[in-house]
């Protein structure tokens with residue numbers, strides 16, 4: 001009990017350590033190899049994510065296409081698409097969290113920048129690496145499966161019957177908010193407080209569940 005009080009007094013009444021905000025401009029990052037290694041990690045992770053997930057969506061559409069007379073039970077189904085998105089996010093975040101933070105999404109990077117968790121230079125370069133990785137990942141899909149890619153519109157999302165664009169936009173906004181909120185909750189320093197009773201693995205499960213909902 002005495003030790004807990006001492007720790008709380010050491011941090012100004014808090015039983016956790018709040019990291020200082022990242023500087024808005026940090027030119028020193030450009031001279032560090034760890035910064036470029038993080039960019040490579042974001043690029044590769046986004047490439048793999050788009051490559052696997054887009055291929056999964058195109059494969060599902062090909063098995064459910066009545067014009068092809070394919071075996072509809074031979075594909076992964078809707079649940080397989082959910083597992084592809086959730087599983088890839090789970091694996092890639094686990095692999096890159098210690099290198100780049102495991103953003104793999106410009107929305108996550110932008111949110112962390114607004115919260116002063118990353119500098120402007122890192123945020124902009126992360127977004128560039130993520131967009132380039134996404135383009136290359138989809139480019140590989142088109143190169144390997146050009147006929148299916150063109151036939152099914154590159155596996156892009158489309159509105160279901162009975163829903164307008166406003167509803168689709170609202171769903172995307174809510175889904176993105178839940179994703180970024182989950183990332184902030186998973187990286188909150190208060191999680192290491194002495195009163196925390198949530199298992200450390202819970203953030204990964206939350207990220208997985210959010211991916212399934214997407």
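A Cβ is built for glycine as well, from the same backbone N, Cα and C atoms used for every other residue.
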Which listed span TrEMBL calls transmembrane segment, if the choices are 39-60, 193-214: 39-60
Per TrEMBL, the range holding transmembrane segment, considering 8-30, 123-145: 123-145
